[in-house]
C-alpha cells in the first residue's frame, strides 16, 4: 500500500507540473513529487528520511527566498526581470540541485534511495522514480531557459535592487549546493 502511495505521489507531482506557469504551483508539485521520495527514505531508515527532509527544505527555501526577493510569481516574469549573470547562475544551480542532477547536493539523498531500491530488487519502482525525476528536471530547465536565454531589452523596465547582504547570503548557499556532492563524499570516508 505504501509503495502505491509513493508511486502516486511521484506521478501526480510530475503530471501536475506539466503545464504550470506559476512558480508557486510548480514548487508545490515539486514538493508532492519529493514526498514520494521521502516516503521511500522512510522505508529505509528514519535518519535518511531526516537527512532528505533537511536537504530538500534547504534547497526549496533558497529558491523561495530568491523568488521572494525578485518578486517573481510566474515564469514569464523571469523574462522581464533585469538580472545580473551571478543571479542567473545562482538560480540555475539551485534549480538543478533541487531536480537532483548528479554533481549537485540534491542528488545525494536520491542516490542513496536509488541504491537501496536497486539492492532490494525494486527495479520497476526505481525506474519510475528516475523517469519522473527526469521529467521534473525538464520543468526546471524550462524555467532556467526562460530566465537565461530570453532577452527582451525593450521590456526591461523593471529594475530591482538587492542589498549586498541578501546577495551574499544567496551566493553562499548556492556555493554549498554546488559543492555539496564533494562535501557529501566525506560521509563515506
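Heads up, the Cβ atoms here are built off N, Cα and C, so glycines get one too.
TrEMBL entries are annotated by machine, without manual review.
Copied over from TrEMBL:
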DOMAIN    1-135  domain 'NADH:quinone oxidoreductase/Mrp antiporter transmembrane'
TRANSMEM  48-70  transmembrane segment
TRANSMEM  91-112  transmembrane segment
TRANSMEM  124-148  transmembrane segment
TRANSMEM  169-188  transmembrane segment
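The transmembrane segment (48-70) makes contact with the transmembrane segment (169-188): 3 or more of their CB pairs lie within 8 A, with pairs spaced 6 or more apart in sequence. Counting residue by residue with DSSP, the domain 'NADH:quinone oxidoreductase/Mrp antiporter transmembrane' (1-135) contains 107 helix, 2 strand, 26 coil.
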